[in-house]
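Participant: Heads up, here are the entries from Swiss-Prot:
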type	residues	note
REGION	1-109	region 'Modulating'
REGION	81-102	region 'Disordered'
COMPBIAS	81-96	compositional bias 'Low complexity'
ZN_FING	110-130	zinc finger
DNA_BIND	110-175	DNA-binding region
ZN_FING	146-170	zinc finger
REGION	176-205	region 'Hinge'
MOTIF	184-189	motif 'Nuclear localization signal'
DOMAIN	206-440	domain 'NR LBD'
REGION	435-476	region 'Disordered'
COMPBIAS	462-476	compositional bias 'Polar residues'
Amino acid sequence: MANSSKERLCGAGAPLGHANGFPPSVYPFAFSGGIRRSPPFEVLANGGFFRSFPTDLPKEMASLSLTMGAAERSAHSDCISTVETQSTSSEEMVPSSPSPPPPPRVYKPCFVCNDKSSGYHYGVSSCEGCKGFFRRSIQKNMVYTCHRDKNCQINKVTRNRCQFCRLQKCFQVGMSKEAVRNDRNKKKKEIKEEVVLPDSYEMPPEMEELIQKVSKAHQETFPSLCQLGKYTTNSSADQRVQLDLGLWDKFSELSTKCIIKIVEFAKRLPGFTTLTIADQITLLKSACLDILMLRICTRYTPEQDTMTFSDGLTLNRTQMHNAGFGPLTDLVFSFADQLLPLEMDDTETGLLSAICLICGDRMDLEEPEKVEKLQEPLLEALKFYARRRRPDKPYMFPRMLMKITDLRGISTKGAERAITLKLEIPGPMPPLIREMLENPEAFEDGAATPKPSERSSSESSNGSPTGEDSSGSKTP
């Protein structure tokens, strides 16, 4: 019986954990996940394998168990010698039960708004929203105004309604200005010490010059948020309506001014005016909504859920809806929120706007190859600049480019919205807005849309896509 057992255990054809001559269905439950990964026969030492079986073993298995005990005491069996060499105690094979994970740390609710706290920030328990609001307010030296009695209730529902009272509440509960300043200085020092730019980020002089020109063109045609004197209006601020005519008049006026600034931006881009007038018009009409959306979305303030126009007018989400955005509103605000993690500066926004504009895949271009050649250095410039600015985040450049696809989708829906908007406004669509839309015939029944090549002869005499005549007035 012993010899038979040895043959069963040491047979060359026996797979790991399976004794020849016995069906595998008898004992597979004895192998835990850890045992299956053990060296061959490791679990046989000290009867550890059979200890895991129930007491009512089949007769053959009980006999094999006794034989195994005798075989392990034999020092002259080659097979058993191998078993003893590789065996370990059964105690070593039984994994100790893992210690339970520590309970999650629970913080007191946010001292400012009573929302769920994410930890202690600037001296007190606070949520991410109030932490970010306090940090930005201190770093940017923001000055807020309360339109009531300077005693507004601040909670997680009302915290965005009055910045003045929210900031005062931050101070009242103990948030520290100095903690913000020290944290900022510490981060600056760490960045200065740790970030060493590799030689590959050294730009050629011509690329540096291109970046400076594009950045200057953007900044001089689109003031940044911190440069604006923000003001608000109470017009239809709390409830969505189909259209607020007062807000629409203001919005259409500001949009017209923005379009003029985009044309000015385009004319200042290196190489743009070397294109044919027809191609300049095609590119501007195709990309104008893209750039308008990109620009307004960079002026999004998440704490107040507002957007600010170039004259400082600041509208909340409801007012933007009522001003004419309508069903497009939430899509635009969602895109603005997605831009925040990119932390794009003016130079990156300008370069991305230029790439949106000078794009060789637009329809009806006369010289698409020339347009593509103008776009190539802009792509390289944005790639180099983004990597030089964030050497530890090489993925930022492709993420920025992906936003162009999102912008085109929004612009398509924006053009559709303009068609329905025509039915809601009492008068005609402002001429420059109408001109910049890709399908102006939608606003005039039976009107034929001239192709850029057909219009170039009449507009080239003015020398400008905006149609400036010799007196300086603009004609749509």
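Note that Cβ sites are derived from N, Cα and C of the backbone, with glycine treated the same way.
Help me picture where these features are in the structure shown.
Facilitator: Below 8 angstroms of C-beta separation, residues 154-156, 159, 166, 169-170, 173-176, 179-180, 183, 303 of the same chain, each at least six residues beyond the ends of the zinc finger (110-130), sit close to that stretch.
Per-class residue totals from DSSP over the zinc finger (146-170), listed helix then strand then coil: 8 helix, 0 strand, 17 coil.
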Participant: Which residue counts does DSSP give the DNA-binding region (110-175) for helix, strand and coil?
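Facilitator: Each residue of the DNA-binding region (110-175) counted once, the result is 23 helix, 6 strand, 37 coil.
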